[in-house]
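**Student:** The following block contains the structure, expressed as structure tokens.
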Amino acid sequence: MTQVAKKILVTCALPYANGSIHLGHMLEHIQADVWVRYQRMRGHQVNFICADDAHGTPIMLKAQQLGISPEQMITEMSQEHQTDFAGFDISYDNYHSTHSDENRELSELIYTRLKENGFIKNRTISQLFDPEKGMFLPDRFVKGTCPKCKSPDQYGDNCEVCGATYSPTELIEPKSVVSGATPVMRDSEHFFFDLPSFSEMLQAWTRSGALQEQVANKMQEWFESGLQQWDISRDAPYFGFEIPDAPGKYFYVWLDAPIGYMGSFKNLCDKRGDTTSFDEYWKKDSDAELYHFIGKDIVYFHSLFWPAMLEGSGFRKPTNLFVHGYVTVNGAKMSKSRGTFIKASTWLNHFDADSLRYYYTAKLSSRIDDIDLNLEDFVQRVNADIVNKVVNLASRNAGFIGKRFDGVMAAELADPALYKTFTDAATAIGEAWEAREFGKAVREIMALADLANRYVDEQAPWVVAKQEGRDADLQAICSMGINLFRVLMTYLKPVLPTLSERAEAFLNTELTWDAIQQPLLSHKVNTFKALYNRIEMKQVEALVEASKEEVKAAAAPVTGPLADEPIQETITFDDFAKVDLRVALIENAEFVEGSDKLLRLTLDLGGEKRNVFSGIRSAYPDPQVLIGRQTVMVANLAPRKMRFGISEGMVMAAGPGGKDIFLLSPDEGAKPGQQVK
């Protein structure tokens, strides 16, 4: 029977909103989704959420490079990410963004509570500054040699080789990632979270069973080396949330990123009109369960900073962190040059989602081991397991049931003992899914598939079908095979959602965990259609080649507004102050006889009229649409004599030219003549 229903909140680490989802990301999202789908099958109330991590200097700089706003970039990236996850059947209840009202409010709330409770400290620090770019350098924009293990080319916040965390000022021979310049030291006041105050609590939490043994052991090393106060602020320019009452200071991305779990759940509750669940799940004494699926590279933040922040601000801590390893391809780190750095969208252009879901699941355990995607083994395993063992079991029997018995299965089981063997396995398989011992669960299921196919081989329905007077035997044998297929697909339903839907359509029944205790007897199935196709190595070759081509395309010269029209040389504020920009109302707009480029605009500056010629005719072939609209003009530009008359200023527009010219307009409420500052 189904266990007592639990309330569970599950999250995946938030993908960073400056790049595409790749197969490394997909390991975590598939692992979490399989676990979530199993929990739902067992009747538990699961909320499965995620969001884009949308703040930080990398996003700010990439948006500048693309010539768009950070807001536009993260919006477009969020749509891409959500499309990729949907393509892999990741069953999120909500996918949000850390750049949201919910996240801002919660970040400010947690910060304020930490400050009121004495856990925020202020002090002036010496910080690395890029003298060429005129900006303080975030941790990830400084590279150098790790001060702990001496590994070269490591980022300024943590070492990817030994896992150590440190200040960027501790790096040996640091360099700016932005310009390549050697950074200089500059003083700046920063805000620190007093992590050492939570050392005792964190050590107790570590021993509580909330962490895998490997993670707990690693944390013990960090405790022994001593916890340090954590710098949670960054200086402008920065894309993120400004710290309350601290102009020019912003929350470090790693402060508001995990709060994004809360923000996404709050957004989900608001969408549902649910005013109670947020507090119910996040209050300090909550009996709901909270699980974070994360990669081993971000354990430090999730096992130390995050629970301490929650404790210090009066919220509950995670029930458990489920940490996984990295993905390698063909035994090596994913490589763009070898075509093994594969984007999720590229995969879906060549293979279905179920194939990768199955392969990853078959290799996953509860340990923090790396997973190797061996592409040749992938083809062999998918064909051997899904096609030959599982789908073939249905196809070998369905034809006889459909053609000879009009789709109606036998009234009794041909081999009740064998069926009991299959249903008795539900306990062990369920425990394996629950414990994230996915590989073990798959091995158990495939062992049953072997038993089922052995039964069909021994009973040989294709022989029985030719023997007179054995119709009842044929119906019983094939019905038995289909019933065993149903049990196998029920066990595999968390892994193979698309194949499961097709199986349900054929079986004419929903696959539920408890229903397998009752076999399908005298049940009518639908006409069998091919459930799954074999995959070929030529598809792998095409996938790898496509990935190489994408890398070449990405390496092509950057195009876009900034590339076409680079930013001009720096000017002083005094230079800028000489330009008098004013709001102007377009009273009239008309063609200029003798010119195919110009429009004559009559502008009202709040009592003063101006005549301006503007080369925007191609963009506005009907000048009447401009009448009554407000724009911005340079009001103190010296009058220019033209053969059509005198132009008394210049209106502001953006775009490369021709039809792609866009007249600038102020927000509603601006009045003609007001100065633009």
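Keep in mind that glycine also has a Cβ here, set from the backbone N, Cα and C atoms.
Bear in mind that the values here come from a model prediction, so they are computed numbers and not experimental data.
These came from Swiss-Prot, pasted as-is:
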- Cys146, Cys149, Cys159, Cys162: Zn(2+) binding site (BINDING)
- Lys336: ATP binding site (BINDING)
- 575-677: domain 'tRNA-binding' (DOMAIN)
- 15-25: motif ''HIGH' region' (MOTIF)
- 333-337: motif ''KMSKS' region' (MOTIF)
**Student:** Which residues, given as numbers and ranges, are at least 6 beyond the ends of the motif ''KMSKS' region' (333-337) yet have a Cβ under 8 Å from it?
**Tutor:** 22-24, 326-327, 547-548, 551
**Student:** Measuring Cα to Cα, how far is Lys336 (ATP binding site) from Cys159 (Zn(2+) binding site) in Å?
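**Tutor:** Here the two Cα atoms are 22 Å apart.
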**Student:** If one looks at the chain holding Cys159 (Zn(2+) binding site), which residues at least 6 apart in sequence have a CB under 8 angstroms from its CB?
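**Tutor:** Result: Cys146, Lys148, Cys149, Ser151, Thr165, Tyr166.
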**Student:** Which residues, sitting 6 or more apart from Cys162 (Zn(2+) binding site) on the same chain, put a CB under 8 Å from its CB?
**Tutor:** Cys146, Lys148, Cys149, Ser151
**Student:** Hey, which bits of the same chain come close to the motif ''HIGH' region' (15-25), Cβ under 8 Å, at least six residues off its ends?
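**Tutor:** Non-local partners: 50, 52-54, 56, 58-59, 62, 73-74, 77-78, 80-81, 84-85, 97, 326-327, 329, 334, 341-345, 347, 356, 373.
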**Student:** List, in sequence order, the residues of the same chain other than Cys146, Cys149, Cys159, Cys162 whose Cβ lies within 8 Å of the centroid of the Cβ atoms of the recorded Zn(2+) site.
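**Tutor:** Other same-chain residues near the Zn(2+) site: Pro147, Lys148, Lys150, Ser151, Gln154, Glu160, Val161, Gly163, Ala164.
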**Student:** Among the binding-site residues listed here, Cys146, Cys149, whose Cβ has the fewest other Cβ atoms inside 10 Å?
**Tutor:** Cys149
**Student:** Please work out the mean pLDDT for the residues of the motif ''KMSKS' region' (333-337).
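**Tutor:** Taking every residue of the motif ''KMSKS' region' (333-337) together, the mean pLDDT is 88.
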**Student:** Around the C-beta of the residue listed as 'ATP binding site', how many further C-beta atoms are within 10 angstroms, looking at every protein chain?
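**Tutor:** For the residue listed as 'ATP binding site', the 10 Å Cβ neighbour count is 15.
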**Student:** With DSSP as the reference, give the number of residues of the motif ''HIGH' region' (15-25) in helix, strand and coil.
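**Tutor:** Counts, helix then strand then coil: 3 helix, 2 strand, 6 coil.
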**Student:** Please list the DSSP helix, strand and coil residue counts for the motif ''KMSKS' region' (333-337).
**Tutor:** 0 helix, 1 strand, 4 coil
